[in-house]
Amino acid sequence: MDPSQNPNIVHATTIISVRRGGHVAVAGDGQVTLGHTVMKGNARKVRRLGREGQVLAGFAGAAADAFTLFELFEAKLDKHGQLTRAAVELAKDWRTERRLGKLEALLAVADKETSLIISGTGDVVEPEDGIIAIGSGGSYALSAARALLAHTQLDAKTIAAEAINIAGDICIYTNRNVVVEEL
C-alpha cells in the first residue's frame, strides 16, 4: 500500500539487516510520517528483544500495529527461547486470531544464526542471502547493502548504516537518522 493512501495511519520507514563475519546488524531510520507530514525524525524502530537481548528486531508499517507485534513476538520468544520457533508460533496465532489479521506491519528479526521477515499476513520468510530489507526504502537499502557486501570489506554494522543513509537520500519516507543494533 502506498504510504500516502491513508493519511490517518503512520506509515513508512526503512529497516535493514545485514550479516558479515559472524556478526548481524539491524538498522532503521528515524522518520515517522503521517500522511504527507513528517511527524518525528528520531523515532527508534530497532530494538533488542528477549531476556538477554539476543534478538534484534525492527519494524515497518503502522506504528501501533508494530508495537503490538513486538510485544506478541517477545512473549513467544520468552516462551520458546528460539527465534524461528517464536516466529512460527506468532505466525500461527496471526493466521487464527481475527484481531491480528488486520495488523499493518512487518517485522525484521535476527539472532546470531538466523534472519527472518514476519509479514502482515502471518508469513515467515528467511532470505536466502541473509539480508532483510523492509519498508518504503527497503529496495534502495537492499541494493546498497548488496553492493557494499560485494565490493567492500566494511563490517555488518557499517554496511547497515550506510544502506539506510543511501535509502534516506532516495526515499521521501526515510531519513538519515540511523539507529543500529549489532550482535
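Quick reminder: no glycine exception, Cβ is built from N, Cα and C everywhere.
Annotated active site per Swiss-Prot: THR13, in sequence order, evidence recorded as sequence analysis. What Swiss-Prot records for GLY168, CYS171, THR174 is Na(+) binding site.
Feature map: Swiss-Prot annotations on the structure.
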{"residue": "THR13", "record": "active site", "CB count, 10 Å": "33"}
{"residue": "GLY168", "record": "Na(+) binding site", "CB count, 10 Å": "22"}
{"residue": "CYS171", "record": "Na(+) binding site", "CB count, 10 Å": "23"}
{"residue": "THR174", "record": "Na(+) binding site", "CB count, 10 Å": "30"}
If one measures from the C-alpha of GLY168 (Na(+) binding site) to the C-alpha of THR13 (active site), what distance in angstrom results, rounded to a whole number?
9
Return only the integer: C-alpha distance in Å from CYS171 (Na(+) binding site) to THR13 (active site).
9
Between the Cα atoms of THR174 (Na(+) binding site) and THR13 (active site), find the distance and write it as a whole number of Å.
5
For the recorded Na(+) site formed by GLY168, CYS171, THR174, which further same-chain residues have Cβ atoms within 8 Å of the site's Cβ center?
THR14, ASP29, GLN31, SER136, GLY137, TYR140, ALA141, ILE164, ALA167, ASP169, ILE170, ILE172, TYR173, ASN175, ARG176
